[in-house]
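A short write-up of the structure that comes next.
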């Protein structure tokens, strides 16, 4: 195994730095000109090789994006695909037409746990198909950098170029600004008094199209004709003229008659309408697109929001074969219909004709999980440029000026053709639109209007015409789930294979004259159907009510404010956020003016309110860039309002009349819409238990077929008539494969979910519960999860002057009165006073708190820091005027009035007795005049501050110490900076650094215009704030329980690595004596490793660069593996470096890190997400528990995500716990194991019940007899159903065992004992049957007697089988280690007692009594009764001990899980 050396890693590292493209966010993607098809190739490649177990999805924004963005670490080193087909004729870029090829390098990395299961499409078709994606123009080079440009300049130098070197320059947004007429409508061209103009003849089609000017004076909606080409209009006029001339020849009486009958007035218009509709048919496609000949018959599409690959094929209906199909359905009494309903691909093969995508009448869509649907194609007149409906890609080079390219947005041209007909279909509430330019279906979820970069333009709102265009293109702004009608649900239920089999069985039983049994089963089936109907309607209604939202909004339309329904909003609309009617945001929008506070807990599970600020011009440029990559950056998210979030406060800025926002996404294209889709269409889990259950049913079906054949042979020997023989043989099938068998899978799960709900744990994905029983590794966030939510301030350490030696840290101050013991902030007499005053001011002002109804809202750390000061915080402060004496334009005036802004103010709290500051001193009133919010990429925030009547402006910055030290003047850093920092972090404390400076210009205007880059540069270091984060009391105990259960525990946090290690040790998560941390060698010599692993306590001790094993001191030899007791702690930058270029690094090296790391620190949200994926690659079943928005990506990616949130059901994770500690993890695992074992036991019980009845019936069939009608009823309804339900009521066992329950239903260790049990059942029925025939009181059965089944054979087998049903349930009701002992299941004990008592009672029943006659029993002797009792007791012990003992003899199947094989190899090395 080779260590990643400098010429492996360093090459990527140095080339990366030379390009200035550090990868700060793994979910981010580079927006370059790389082919969209190459992008999709990578996407498919990832999907086939990386197990994304979640749903498709930090500071709040990035986490929300993580819901629906694919996370990849692949660099752009995939082999170039070759071109496929002559595509240049379609006006497409060659790079966009390259086929989607699979990368062998990526395939060799690791096999996916969720391989594609395309059945309709072949793998070759999917691999070679042309493709599109919701990620337009993305090349998946994961060196994308979310860090703002100026921060890149600071880190990497100003002489280097960057792919994203500036928010404006070298970005797609820049090209948007130069060609912003694309995809939008110029205000000059769309309004005003100019008459409508025709654009002239389109060179592409030969048709002339309407310009359709959208005058604000026009109040009428477009008619259909206004969207129809001019040439077709002329044909319309000819039709109308012909109609007119025809009518003129009619007699006046005829005309009067026609008028009276309301026919003459519209007959001509009907012809026109029919003629227009005729042109919408696929046959006329070339008439409108002569230069865009369709060639592709199928395509592939990657839905990034759901991390889903789908195949799309185009078809038309063959009329001849459609008639044949309907005829076959009629002649087979609907059997063909049922088959094609259950197997829809047969319908496609029967009457579907393959056609090009553009000519489809309907499309076949299959996703990678084999889910198959058929969707109709919708065609409607549109007659607008392509860029108005689909994201436009061919933007001109930024170096060109708009005047040079001479393009107009509503002029069709070669790269932006007119779209006369909009060809669409809908899949999972996503609208797919055909692009003639690419000959592919695409989506417009992330469509942008280039005019958005100009805030002065967008603030004018839309015209009525543009709104109607966009409503046609994007649909209504509503998330309305189409609820099936009662008849539809009923129809689907009745035609489900389960109920069809039930109907078949009932008909069979009716023909066989089992009327009572058939009637009862029919009644139960009807009740079950209606119960399922009500449940489905309830669930769909709840989901629809949760997703649907409607309100009235005030919108700027045609430059006038009007009130409309929120469903009429379209991208680009300007609406009023401060409208009291709006309490929940109706769409995804960008805040344009004022500020507001929102609660995003419904989306993220994060209960901390989030502040939103008005967008700037830079924000809009970045928004355009972000939409191209579907990644909403933290920078943009500070102004981004997500659909479905609650507005806590919308504060109107002084001088403005309302808080305004612009709509950017609507309906299902919004973040909420994507999340609702993920709930309605959950990704199949692929859990082995469910796959095996159907294999198991198949196995039982083989037994049924065998029984069918044996019975037929036996009936022929007995000479039964054909009708009886056929009925009896078919009855065998209904017995061996009971229709209720699949339903038993959900019994245990439903009871477990109810128990979890009682504990405050809610689940939105029930299938994940059984998976939780198989968890191998559990990952935890630190702050708020393992530790308390609130941080307590331990104290502060101020940087003090140290004479000629520079600066040093003072003593730890735990009392705020020791920080600056003065009465006024202006009272400074020494350098130390100035330093202390400035540090104190940073504590007072550098935070993101907001005041709502007198309560402070914001980040808990900020809250604790400000609470430590004992001062007061007020917004909209007007008690005291803040003067700006050096304002150039407004000398000596009060600046809030000049600037129309009143600052937030901090001042001494007069109610605080410990306050030493003077209340009325103007210097003690600090106004926060500007804030630079915290960005997760920068890991810091800043504010600009001014005192009440001083002319000085300060800037203060706080953030991670290692980040703050980089932007400070080095001379101001204390000499013991690293030593003090290491001391605190090593002991588990959280450290925040503060810095500040005086701004060079003392004007209000300068404070509002100065860039963040300038504010956060050349700062004076001020000091540290030290927080202590106490462990939650349940943390250590829970972690110990997990470790005792052999479940690996991992901490995954954004905190400092030393703090994480300290907390890990305190919590017991780290139990090894040594912890090795990595460091990156920035200047390695040739061949030297870039990453060096050192002992955190003894840096001289390192790990071997090849094996990652401890190295002995002196001779550099590897220590004995038996003596190794260590773990690894990985930092985010190292994790990024390793897994970004994972194909270049030995797999063994990466596996060693993943297997031995207990701590992952300084991890970004996307890195947490990727860690889940990397662990899943080793075949771990991964759980993740977190409490905030930072963890949303990891919660969705993990096999089992548990969110600690106040929301009852957050879409952020499958499980949401109101228990705010990690003990809920134990509950989920316990109930998961109990549910899995219960489902397993119920499934086995139903199988053995079928086997017992099958053996009984087979023996009776051999004598030409059967069980009686009421005997079947007694067994099935009074014995089996109550037992199966009561079995499922067993609660979970308190202790979690080391061994995980098996989920393999078809392994030899399950099937062999099952077959032994079946043999024992047969043996213990066969012997009494043989013996009874020798009794003197023996009554022979009547051969073929349907009504009279009284016989000793029947009675004895009925009694014996009754006990077998009961005792089998007892044998299968296993208690510990996964469920409570059977004795604690009170309901089960009662049911078993009653059942045994009833069975004993039947044995003593008088056969001449009413009940005896009903059950058709015959008398047996008392001695034989005792024999049966003793015999069934022997049967019980035989079943209890024999199958398990045989199971123990079977060799345990070797685990195929990759991580287990690696651990076994390592154990072998240790033994050697």
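Including glycine, each Cβ sits where the backbone N, Cα and C put it.
Quick caveat, the model's predicted, so the values are computed rather than measured.
The active site, 4-aspartylphosphate intermediate annotation in Swiss-Prot covers 781 and rests on similarity to another entry. The DSSP secondary structure for residue 781 (active site, 4-aspartylphosphate intermediate) is coil.
Feature annotation from Swiss-Prot assigns Mg(2+) binding site to 1187, 1191.
Summarising the annotation, Swiss-Prot assigns compositional bias 'Polar residues' to 1-12 (among others).
For 72-87 (among others), the entry in Swiss-Prot reads compositional bias 'Polar residues'.
Residues or ranges marked as compositional bias 'Acidic residues' by Swiss-Prot: 234-243.
For 1, the entry in Swiss-Prot reads N-acetylmethionine, with the evidence type a large-scale study or a structure entry.
Residues or ranges marked as phosphoserine in Swiss-Prot: 108 (among others).
Summarising the annotation, Swiss-Prot assigns phosphoserine to 1117 (among others).
Per Swiss-Prot, the feature phosphoserine maps to 1120 (among others).
Feature annotation from Swiss-Prot assigns region 'Disordered' to 1-32 (among others).
Marked as region 'Disordered' by Swiss-Prot: 71-115 (among others).
The region 'Disordered' annotation in Swiss-Prot covers 179-273 (among others).
The transmembrane segment annotation in Swiss-Prot covers 294-315 (among others).
Here Swiss-Prot flags 322-344 (among others) as transmembrane segment.
Annotation source Swiss-Prot lists transmembrane segment at 489-511 (among others). Within its own chain, the transmembrane segment (489-511) has Cβ neighbours under 8 Å at 338, 341-342, 517-518, 521-522, 525, 529, 532-533, 536-537, 727, 730-731, 734, 739, 742-743, counting only residues six or more beyond its boundaries.
Sequence-distant neighbours of the transmembrane segment (515-533) (same chain, 6+ residues past either end, Cβ-Cβ under 8 Å): 486, 489-490, 493-494, 499, 502, 505-506, 509, 1269-1270, 1272-1273, 1276-1277. Per Swiss-Prot, the feature transmembrane segment maps to 515-533 (among others); the stated evidence is sequence analysis.
Counting Cβ pairs under 8 Å that are 6 or more residues apart, the transmembrane segment (1308-1331) and the transmembrane segment (1272-1289) reach fewer than 3 and are not in contact. Panel annotation: around the transmembrane segment (1388-1407), residues 1278-1279, 1282-1283, 1286-1287, 1289-1290, 1359, 1362-1363, 1366, 1369-1370, 1373, 1382, 1413, 1415, 1417-1420, 1425, 1428-1429 of the same chain, lying at least six beyond its termini, place a Cβ under 8 Å from a Cβ of the stretch. Within the same chain, the transmembrane segment (694-713) packs against the transmembrane segment (1245-1264): three or more Cβ pairs sit under 8 Å, each pair at least 6 residues apart.
Each of the recorded positions 781, 1187, 1191 was assessed for Cβ neighbours inside 10 Å, and the highest tally belongs to 1191. Same-chain residues lying 6 or more positions outside the transmembrane segment (1245-1264) and placing a CB less than 8 Å from one of its CB atoms are 696, 700, 703-704, 707, 710-711, 714-715, 718, 720, 728, 731-732, 735-738, 740-741, 744, 1275, 1280, 1283-1284, 1287, 1314, 1317-1318, 1321-1322, 1325-1326, 1329, 1340-1345, 1351, 1353-1354, 1357-1358, 1361, 1364-1365, 1368-1369, 1372. Rounded to a whole number, the C-alpha distance linking residue 1187 (Mg(2+) binding site) with residue 781 (active site, 4-aspartylphosphate intermediate) is 8 angstrom. Taking the C-alpha positions, the distance from residue 781 (active site, 4-aspartylphosphate intermediate) to residue 1191 (Mg(2+) binding site) comes to 8 Å.
Same-chain residues lying 6+ beyond the ends of the transmembrane segment (322-344) with a Cβ under 8 Å from its Cβ atoms: 350-351, 372-374, 495, 497, 500.
DSSP assigns residue 1187 (Mg(2+) binding site) to coil, not to a helix or a strand.
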